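A.B. asks: Copying in the features that TrEMBL gives for the protein in this structure:
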TRANSMEM  7-33  transmembrane segment
TRANSMEM  45-63  transmembrane segment
TRANSMEM  110-129  transmembrane segment
TRANSMEM  141-157  transmembrane segment
TRANSMEM  169-189  transmembrane segment
TRANSMEM  209-232  transmembrane segment
TRANSMEM  255-275  transmembrane segment
DOMAIN    268-401  domain 'O-antigen ligase-related'
TRANSMEM  281-298  transmembrane segment
TRANSMEM  305-325  transmembrane segment
TRANSMEM  389-412  transmembrane segment
TRANSMEM  424-442  transmembrane segment
Amino acid sequence: MLDQALIGLFIAFFTFLTWRKLDLGLFFIFLLLPSYLIRFKFAGLPSTLLEIMIWVVFITWVIKTYKPQHQSRARCGAQHLNIQTYKQFISYLLSPITTLISQIKKYPSLFLAITLFLSAATISIFTSIDTRAALGEWKAFYIEPVLLFIILISLPLSGGQGGSLVEKILFALVLCGLATSLLAIYQHFTGWMVPWKFWENGNTFRVTGWYGFPNGVGLFLAPIIPLALYLIKNKIFVIARSLKTTSQSQERQDYYAWFILTSCSLFLLSSPLAIFFAKSTGGLVGVVAGIGLLLIFWKKTRWPAIILGLASFVSILSLNSLSPIKQELLMQDRSGQIRLNMWAETTEFLSDNPIAGAGLASYKTLIYPYRIDKWIEVFHHPHNIFLTMWVNLGLLGLFGFTWVVVWFFRVGIMEAVRHKTKEISLTVFLLASMTVIITTGLVDSPYIKNDLAVLFWLLPALMITDSGQNQKNQLE
């Protein structure tokens, strides 16, 4: 009862803050992404704290997007309604839809891909063997993250106050990641909150953070690392510029810049340790891939990065066949063999169900007759992001998801090439973050959790914002 009262108080406080300032609502959503682990019933339906926060922000955004025609009402009066007034009233009601339509016209390819993706998710409710569980996944992994995406692309995130909103969102992610990293490091030395099967069982000693499973640490922290690097780059520039001025307003900016710089630096020190202590090889390889992309885009480090990458690849291949590092990276160890068998059985299942897949929340049950390693637990997904999409959403969903990813890299690379400067833009760091997700997704499913789905859709939202700002700057 006390828990419910505290949750109710938090929701009321969050609603008040969001109504006063939508930026704060968005900040707290990204700061508290793991709050999906706080589960309860809302209006008799299973829900999470993160879901309630998203809906509060969405409803607030819809209301605040409306633009009342106060002057027209004052002139006309309620008793003198005419055709023009009705048109204004309809425009008032449709203003959120108008805002969305304007973005669809700018990026028709992306929104067609999203439409296919969400259509496949909706169809997969009806092909599922558990409709109730499927509805839960549908709203948590597909509808709500896309709603947040729509909100973000409708707001002026870049330039002036908008630029600070991008910074707030990224900084909220870094703070959340820092808290997660510190918890994971503390767990490494104490075992606090780590489930037995990931600690004493078989002397695995893998940390789990808030999530209850080790890979959750790497899946969440790894994509944030390039975004933290972007904030550090920006804040170093701000601090360097402030050394030339002594105004009071500049001093306040300095304190804020130093706070962000310190927090991001601590995150960059702690997050690789947390991923390492979670023994998330996919997360570590993803981080290397993301940073490698950044180094390749920066002209001064391009060739050294390529040479170092090739040398590392050759060195790994030349290791002794019994080397644990080589066995793990080439999937020759126990974990790798389990994944290979998992992909084989999933591929066999999909050969029998290529169009519809399994449907939402159905893989764990339907895959059982195809199991190769029947002596281990049945996993919820096939540990590959593309196989996961195919299994859950069918061929249409896989096509829509792949289209979104291809659109993201196509637009990002075009923007990065078109706007070559000495400074690496946000676009390149977004590309690096998505590279982390896709690389990790080759051996895991960095989408099928509430926070991971929100993090995924944040990247195309910021890509739209940054590419739009670049075009605006070019016109100016």
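Glycine is no exception: its Cβ is also placed from the backbone N, Cα and C atoms.
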A.B. asks: Mean pLDDT for the domain 'O-antigen ligase-related' (268-401), rounded to an integer?
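C.D. replies: Computed over the domain 'O-antigen ligase-related' (268-401), the mean pLDDT is 92 on the 0 to 100 scale.
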A.B. asks: Within the domain 'O-antigen ligase-related' (268-401), how many residues are helix, strand or coil going by DSSP?
C.D. replies: 96 helix, 0 strand, 38 coil
A.B. asks: Looking at the transmembrane segment (424-442) and the transmembrane segment (281-298), are there 3+ C-beta pairs under 8 A, with each pair at least 6 apart in sequence?
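C.D. replies: Yes, the transmembrane segment (424-442) contacts the transmembrane segment (281-298).
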A.B. asks: Hey, which bits of the same chain come close to the transmembrane segment (169-189), Cβ under 8 Å, at least six residues off its ends?
C.D. replies: 26-34, 152, 157, 205, 207-210, 217, 220-221, 224, 227-228, 230-231, 260, 263-264, 266-267, 270-271, 273-274, 277-278, 455, 458
A.B. asks: Other than its close neighbours in sequence, what residues sit by the transmembrane segment (110-129), given a CB gap under 8 Å and a spacing of at least six beyond its ends?
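C.D. replies: 103-104, 135, 138, 141-143, 146, 356-362, 365-366, 392-394, 396-397, 399-401, 403-404, 407, 460, 464.
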A.B. asks: For the transmembrane segment (305-325), find every same-chain residue at least 6 residues outside the stretch whose CB is under 8 Å from a CB in it, and list them.
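C.D. replies: Contacts of the transmembrane segment (305-325) (Cβ under 8 Å, skipping residues fewer than 6 from its ends): 292, 295-296, 333.
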A.B. asks: Residues sitting near the transmembrane segment (255-275): Cβ under 8 Å, six or more positions beyond its termini, same chain?
C.D. replies: 167, 171, 174-175, 177-178, 180-182, 184-185, 207, 209, 217-218, 221-222, 224-225, 228-229, 231-232, 235-236, 238-239, 242, 283-284, 287
A.B. asks: Taking 7-33, 281-298, 389-412 as candidates, which has the most Cβ pairs under 8 Å with the transmembrane segment (141-157)?
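C.D. replies: Stretch with the highest Cβ contact count: 7-33.
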A.B. asks: Counting only residues 6 or more past its boundaries, what in the same chain has a CB within less than 8 Å of a CB in the transmembrane segment (281-298)?
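C.D. replies: For the transmembrane segment (281-298), the nonlocal Cβ contacts are 215, 217-219, 221-223, 225-226, 229, 272, 275, 304-306, 309, 328-329, 335, 416, 424, 428-429, 431-433, 435-437, 439-440, 442-444.
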